[in-house]
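Features as listed in TrEMBL:
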- 9-94: domain 'HTH arsR-type' (DOMAIN)
- 20-37: transmembrane segment (TRANSMEM)
């Protein structure tokens, strides 16, 4: 039950209470480096303004950083997890992995 409480507390964070933002964080974690704004937008099939809003929230919470970079396609905005963002994602993954079937039944 403690894992559920800890998970619920983690997910109550403004940055993590959106499936879109959580998905962005997980994608950045598994890529292990930078992803371009355009690649994220294409994957999510989302308007620029909506994605920008989600990324702004993640940046304000200190979970991501972005910068302009030269890529083979020209200058692009690239985004990556901060150390804090990586720690939060690892905590989320650990908590999800620790849930047993009885915990999962309680969430339904």
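Cβ atoms here come from the backbone N, Cα and C positions, even for glycine.
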Residues of the parent chain within Cβ reach of the transmembrane segment (20-37), under 8 Å, 6 or more residues beyond its termini: 43-44, 46, 51, 54-55, 57-58, 63-64, 66, 69, 71, 76-81, 85-86, 88-90, 92-93
Residue distribution over DSSP helix, strand and coil in the domain 'HTH arsR-type' (9-94): 49 helix, 18 strand, 19 coil
The domain 'HTH arsR-type' (9-94) [mean pLDDT, rounded to integer]: 92
